[in-house]
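Peer 1: Taken from Swiss-Prot, the feature topological domain 'Extracellular' applies to 1-26, 89-92, 147-164, 331-356, 989-1029 (among others). Per Swiss-Prot, N-linked glycosylation site is recorded for ASN6, ASN1007, ASN1010, ASN1011, and the stated evidence type is sequence analysis. What Swiss-Prot records for 114-125, 186-309, 378-433, 605-967, 1051-1093, 1137-1207, 1252-1541 (among others) is topological domain 'Cytoplasmic'. If you look up Swiss-Prot, you'll see SER279, SER281, SER874, SER922, SER926, SER1434 marked as phosphoserine. Feature annotation from Swiss-Prot assigns domain 'ABC transmembrane type-1 1' to 318-601; the stated evidence is sequence analysis. Residues annotated as ATP 1 binding site in Swiss-Prot: GLY667, THR668, VAL669, GLY670, SER671, GLY672, LYS673, SER674. The region 'Disordered' annotation in Swiss-Prot covers 862-881, 901-923. For 906-915, the entry in Swiss-Prot reads compositional bias 'Low complexity'.
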Amino acid sequence: MDKFCNSTFWDLSLLESPEADLPLCFEQTVLVWIPLGFLWLLAPWQLYSVYRSRTKRSSITKFYLAKQVFVVFLLILAAIDLSLALTEDTGQATVPPVRYTNPILYLCTWLLVLAVQHSRQWCVRKNSWFLSLFWILSVLCGVFQFQTLIRALLKDSKSNMAYSYLFFVSYGFQIVLLILTAFSGPSDSTQTPSVTASFLSSITFSWYDRTVLKGYKHPLTLEDVWDIDEGFKTRSVTSKFEAAMTKDLQKARQAFQRRLQKSQRKPEATLHGLNKKQSQSQDVLVLEEAKKKSEKTTKDYPKSWLIKSLFKTFHVVILKSFILKLIHDLLVFLNPQLLKLLIGFVKSSNSYVWFGYICAILMFAVTLIQSFCLQSYFQHCFVLGMCVRTTVMSSIYKKALTLSNLARKQYTIGETVNLMSVDSQKLMDATNYMQLVWSSVIQITLSIFFLWRELGPSILAGVGVMVLLIPVNGVLATKIRNIQVQNMKNKDKRLKIMNEILSGIKILKYFAWEPSFQEQVQGIRKKELKNLLRFGQLQSLLIFILQITPILVSVVTFSVYVLVDSANVLNAEKAFTSITLFNILRFPLSMLPMVTSSILQASVSVDRLERYLGGDDLDTSAIRRVSNFDKAVKFSEASFTWDPDLEATIQDVNLDIKPGQLVAVVGTVGSGKSSLVSAMLGEMENVHGHITIQGSTAYVPQQSWIQNGTIKDNILFGSEYNEKKYQQVLKACALLPDLEILPGGDMAEIGEKGINLSGGQKQRVSLARAAYQDADIYILDDPLSAVDAHVGKHIFNKVVGPNGLLAGKTRIFVTHGIHFLPQVDEIVVLGKGTILEKGSYRDLLDKKGVFARNWKTFMKHSGPEGEATVNNDSEAEDDDDGLIPTMEEIPEDAASLAMRRENSLRRTLSRSSRSSSRRGKSLKNSLKIKNVNVLKEKEKEVEGQKLIKKEFVETGKVKFSIYLKYLQAVGWWSILFIILFYGLNNVAFIGSNLWLSAWTSDSDNLNGTNNSSSHRDMRIGVFGALGLAQGICLLISTLWSIYACRNASKALHGQLLTNILRAPMRFFDTTPTGRIVNRFSGDISTVDDLLPQTLRSWMMCFFGIAGTLVMICMATPVFAIIIIPLSILYISVQVFYVATSRQLRRLDSVTKSPIYSHFSETVTGLPIIRAFEHQQRFLAWNEKQIDINQKCVFSWITSNRWLAIRLELVGNLVVFCSALLLVIYRKTLTGDVVGFVLSNALNITQTLNWLVRMTSEAETNIVAVERISEYINVENEAPWVTDKRPPADWPRHGEIQFNNYQVRYRPELDLVLKGITCNIKSGEKVGVVGRTGAGKSSLTNCLFRILESAGGQIIIDGIDVASIGLHDLRERLTIIPQDPILFSGSLRMNLDPFNKYSDEEVWRALELAHLRSFVSGLQLGLLSEVTEGGDNLSIGQRQLLCLGRAVLRKSKILVLDEATAAVDLETDSLIQTTIRKEFSQCTVITIAHRLHTIMDSDKIMVLDNGKIVEYGSPEELLSNRGSFYLMAKEAGIENVNHTEL
């Protein structure tokens, strides 16, 4: 090599001088070829990847041209350099080969750089990471040659001037290109800048500066947040996961089947003695209960596949993060060696000063590279965690769309939402830190290795301590996992009950049952908090053990080292190098509790997710969809069941339905009509046979499913808007009159579950949704059950019937309305799941079979209201068109009113009655005028019309009052106690460092000899005592903080629950359930787990930094001056960051709520979504919502990295400044001081970073307290109990007086009751009628004070209801509501949640409610389990249970709020009979839905526009020939004087 350069290649003597330098030959060869070799090694891979991508070429930019121009300049300079070498090589002057070689290498390299830069422009507008590294390497390696040439020019100005100047210019261009690569070219305004960011911008996260600046200037909104990269979007990551999951789950299922086959070889026990052939209707409750117990004992399901699938999906990111963490971990161990060199440098008077500066610079460089690697690693890990959460959430949603009904019944909506919210988050948290497991092993192993080098075999004593503690940690970890499993179950139970409470809150308020359900929730919460305390205690013990481990190891190791051999002296180099290594050891050991806890929690979640995602899908193989077939629907020996353990519900059905036919399906209650529909939709388990369907299907369920959105959106249901078709559907479904009344018309927002629509309106919207779809087959499951007879007739004629909108389509029409049957093509009569008869209407009557007998019975008992037909209008007029008792309608809607009035006018005119004609014309004109006024009022914007308000998002800093609220919940004395012991922990830490420094100085003072064994023992004893004091103080402070924070969680949850239950009904009408549930799930979970952990970490970091800075300033007082600018930089970064991070966390919380609400809505409407085959549309909407949330999460993750890299730079500067000052002042310092300062300074980088992280985490997590406080501060309804309490037997008589009573729903809205004045005497039966918006339901709500008075009084038995407590009022009244809502729990709990009544009284109530035989037939009787929403009972049985509640309470005042609107004739008759018998001496107020049910009332109240327009006996009102007369006339009963039915 010497000949190659014509100079010395390497000479160590050059370094042994105050002005050290490297040989020029070394600089011109090795330091030139290193960067060039790096480029040539990686460039081919780059060019090949571009060639493979074949991406569309990007446009040429000025930025790209500038880089290419500078490279061309370098190319020219290389050519000039080669030319100079050739020119100089003349005569006797010999130019060394290196002068030819380097220019040629540079020429080739610059051409390669041009090609690579061009390829990057072709691929994407992003600087190549390895080009950036090449320029950095080139500039760094060039520094040495640069300074050598400068020195040479200063010594001899004429030596190699041309070459030197060419090098300087070339070096300058390389610096310019390095600077250019630090910037990115222009990017798309909507695309995240991370895609096009340069390498330097990527590793420093400078591309995020704009967002941070924007967040500091004003609170961020969703529009300010960048969209995430396509590769991170839900569809992209989920598609990769599904490809892996399909294979892994298949293998897991095969293994599961093998396990199942083995277990089935054993004798099978029957399920609680149940016979498979027991009646399904009688024993469904027993089966539910037995299956739940069975599920608890079995844990068999496809296992151990989810982690494999996730690894296959994200293995590239995992590998990248692995490499980055490995580099970081290896670099960590360079700092102790550099520290050792610096201590030796200070102690040695012969060391050259440049050596100290080199050590300081290297220490800074190493820590800087560590920071870049660590933060890039964390970015990869956290983004990986985000993608894992995205994948899991999307997969859960997709699974919900395909899950079989049997599998779905194992999960309540609350439990499934928990999988999406809690379990996916646990998996994300574990993914963030999972690589710390192997990293900890490497760090611990390398720490022990280097400690062995310092202290020899003595370290084995320390290792022994660690090994002894491993089993203890294992036992604690197992116990923690078991507690976590139990706590997740408790959370599921609590959220399940909360979902039910929120769904049935109106019932709870009517019956004053809030305390009972509050007690249930608090009971589960008590168990949860007990487990949380145990979890915290074990975690504290684990933290104590892992924190004290390095202290014990250091004490034991140092003690053994000095005790085994008197020659072993603990000097500064050994002690502080070892302490630095112990500090490195401390990090993995301190992180292991969190990582272990996170992984254990995640393992529980993985089990739960594997069970759900591995569940059976809906088996649609029995439903064969064909395109060319002569039948629309064909049942071939089809048998279906809801549960394989039960006999078939639909048995051996053979049925052919031709295209275009209208087929009616009839039968008694429980005959299998709805099951037949479900079988066609593929919702049941196939036993044998199959169903063939030709074409698409549309479905209208018996219980309407309405989405939270506008009426228009619900009708269109994702289809394209067609004005003509849309108007036809609205008219046919009788929705136009309703749209005229509703604010906003068809753009009126429907609340959750259609809360602001009547039952009839919801059903007609549901029918309109189906009618708008251009389907081939329409499956209508009793769609007219919730509308009155005249609207039903209109809908049948205009939509379903032979001349309706759907004429020509295949219609399968399940109905109780026998009067429609003459119009259908074929009638199918079902009984016990089989077809009893089928044929045309006339054929079945002629057969004189089951159908003919039922028809005869119907005609005998139907009365005047049963004679209506639907053949044509004229026949209807002649026959006195009336209400049919079998119709289950709700006539309080505008369509009903409009049609009644129109029909009334038509009939009156046809009979030529002048007086009636005049009234009819006047009525018609008044109706027209009213409609005009309504349309005018629609144009006015009325504040408060919007029902569901957008979720409020706080902006700016979290108010100090929120912190105070949480600290107050924690307890001020507890806070002082915790701070005291954290402070004492840090004092003990400082003391142990100072003591160790004094100990190491003994070796210098005693010239390597030990003073005495007692002195040595004293040093060991005090050092050990200080270490033990650290551990004890930490344990006490941690335990106390866990106890105090648990009390805070208990208080906040208690306040939230109490206030939510006391919130007025209007709060629940305007707030989606998902939004409230989010407070009880995500926010409470944060307060339980994350916030206490964050506060503990913050205090440890704060005291740690304070102690470290104090120690550094004690050693080098000059450092106090440097602290000032570093503190300013530190605080500035924190201020910028916290403003952004805080708002991003809020946006994250707010954007989660729609995901959970939409999911709950989807699960509820699954049969409809599947029937319409809209799974993909719903899946796309879910993916869109998740992506909106994910962009907030990604931005928050990046903000943490942006902060961390800048804070670590501050920490690195602290290390560098400390090392620099120690080099400068080395003559006044000793080795122990240097070791003392630097060992603590090296520790400060992570601690500074962690402090701001914890500061931000504290503020972002305190947002959970802010959100909880928002609902804690929601305005309450009136007190439940006041000092003024009514007599125990009140109301004794049941007399009710309304005195000029007025009410409005919200302060900004108009009055809905306008001066109601009437007197209802004791024992009177009053029927209330009126149109939608007349005020009937409002009257009921006022009686129970669901709505509070805006003026006037309601007096019951002489007591103003406003003067007593709500529960004193509501407990003395009884209501049977329209919607029969039940809660999960026992039948007895649903009847008597407070256990006020004896079993005999409960059984008597069941007997009077006609349910005794049913309940006594159940194995568990009153203790039989009711599932969520009462889904395992029929609607009729649910309504009879509600009747049982009323009978059990038997108040003097009973309100029937359309109690029989949604039940069949049989149930209606049972309810009416019991009420007339049991409540004969009570005051009964009935809101009418069928006129025949109130014709025997003592008085009739007719409401219109919030006023009483008529009030009197039925005879009196009929003789007045007013509005009630017209309604009765329409029903064909105006001549009935006092009908007893």
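Glycine is no exception: its Cβ is also placed from the backbone N, Cα and C atoms.
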Peer 1: Could you tell me what the rest of the chain brings near the topological domain 'Extracellular' (331-356), counting residues at least six beyond its ends with Cβ under 8 Å?
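Peer 2: Apart from its flanks, the topological domain 'Extracellular' (331-356) reaches 17-20, 362-363, 366-367, 369-370, 373, 443, 446-447, 450, 572-573, 576-577, 580-581, 584, 1219, 1222-1223, 1226, 1229-1231, 1234-1235, 1238-1239, 1242.
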Peer 1: For SER671 (ATP 1 binding site), which residues in the same chain are close in space, meaning a Cβ under 8 Å from its Cβ, but six or more apart along the sequence?
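Peer 2: Same-chain residues close to SER671 (ATP 1 binding site) (Cβ under 8 Å, separated by 6 or more) are LEU830, GLY831, LYS832, GLY833.
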Peer 1: For LYS673 (ATP 1 binding site), what is the tally of other C-beta atoms lying within 10 angstroms of its C-beta?
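Peer 2: A 10 Å sphere around the Cβ of LYS673 (ATP 1 binding site) contains 23 other Cβ atoms.
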Peer 1: Could you pull out which residues elsewhere in the chain have a CB under 8 Å from any CB of the topological domain 'Cytoplasmic' (1051-1093), counting only those six or more residues past its ends?
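Peer 2: 414, 417-418, 421-422, 491, 494-495, 498-499, 501-503, 505-506, 508-509, 514, 517-518, 521-522, 525, 532, 536, 594, 708, 751-752, 755-756, 947-949, 951, 966, 969, 1041-1042, 1045, 1149, 1152-1154, 1156-1158, 1160, 1257-1258, 1261-1262, 1264-1265, 1267-1268, 1271-1277, 1280, 1305-1306, 1341, 1346-1348.
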Peer 1: Among the binding-site residues GLY667, GLY670, GLY672, point out the residue whose Cβ has the most other Cβ atoms within 10 Å, with all shown protein chains included in the count.
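Peer 2: Answer returned by the neighbour count: GLY672.
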Peer 1: What Cα-Cα separation, expressed in whole Å, is found between GLY667 (ATP 1 binding site) and SER1434 (phosphoserine)?
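Peer 2: Given the Cα positions, GLY667 (ATP 1 binding site) is 15 Å from SER1434 (phosphoserine).
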Peer 1: Looking only at Cβ atoms, how many others are within 10 Å of the one on SER674 (ATP 1 binding site)?
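Peer 2: There are 18 of them.
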Peer 1: How many other Cβ atoms are found within 10 Å of the Cβ atom of SER1434 (phosphoserine), counting all protein chains shown?
Peer 2: 18
Peer 1: Have a look around THR668 (ATP 1 binding site) and count the other CB atoms within 10 A of its CB, chains all included.
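Peer 2: Taking all protein chains shown, THR668 (ATP 1 binding site) has 16 Cβ neighbours within 10 Å.
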Peer 1: Give me the CA-CA distance between GLY672 (ATP 1 binding site) and SER1434 (phosphoserine), in Å, as a whole number.
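Peer 2: Here the two Cα atoms lie 12 Å apart.
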Peer 1: Cα-Cα, whole number of Å: SER674 (ATP 1 binding site) versus SER1434 (phosphoserine)?
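Peer 2: About 11 Å separate the Cα atoms of these two residues.
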Peer 1: Mind tallying the topological domain 'Cytoplasmic' (1137-1207) by DSSP state, helix then strand then coil?
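Peer 2: Its residues fall into 67 helix, 0 strand, 4 coil.
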Peer 1: What is the nearest of the binding-site residues THR668, GLY670, LYS673 to SER1434 (phosphoserine), using the Cα of each?
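Peer 2: Closest recorded candidate to SER1434 (phosphoserine) by Cα: GLY670.
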Peer 1: If I take every residue in the topological domain 'Extracellular' (147-164) and average their pLDDT values, what number comes out?
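Peer 2: Its mean pLDDT is 74.
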Peer 1: For the topological domain 'Cytoplasmic' (378-433), what are the DSSP-based totals of helix, strand and coil residues?
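Peer 2: Its residues fall into 50 helix, 1 strand, 5 coil.
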Peer 1: Under a three-state reduction of DSSP output, how is GLY667 (ATP 1 binding site) classified: helix, strand, or coil?
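Peer 2: GLY667 (ATP 1 binding site) sits in a strand per DSSP.
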Peer 1: Does DSSP give LYS673 (ATP 1 binding site) helix, strand or coil?
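Peer 2: Once the DSSP labels are grouped into three classes, LYS673 (ATP 1 binding site) ends up as helix.
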Peer 1: Please list, for the topological domain 'Cytoplasmic' (1051-1093), how many residues fall into helix, strand and coil according to DSSP.
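Peer 2: Grouping H, G, I as helix and E, B as strand yields 38 helix, 0 strand, 5 coil.
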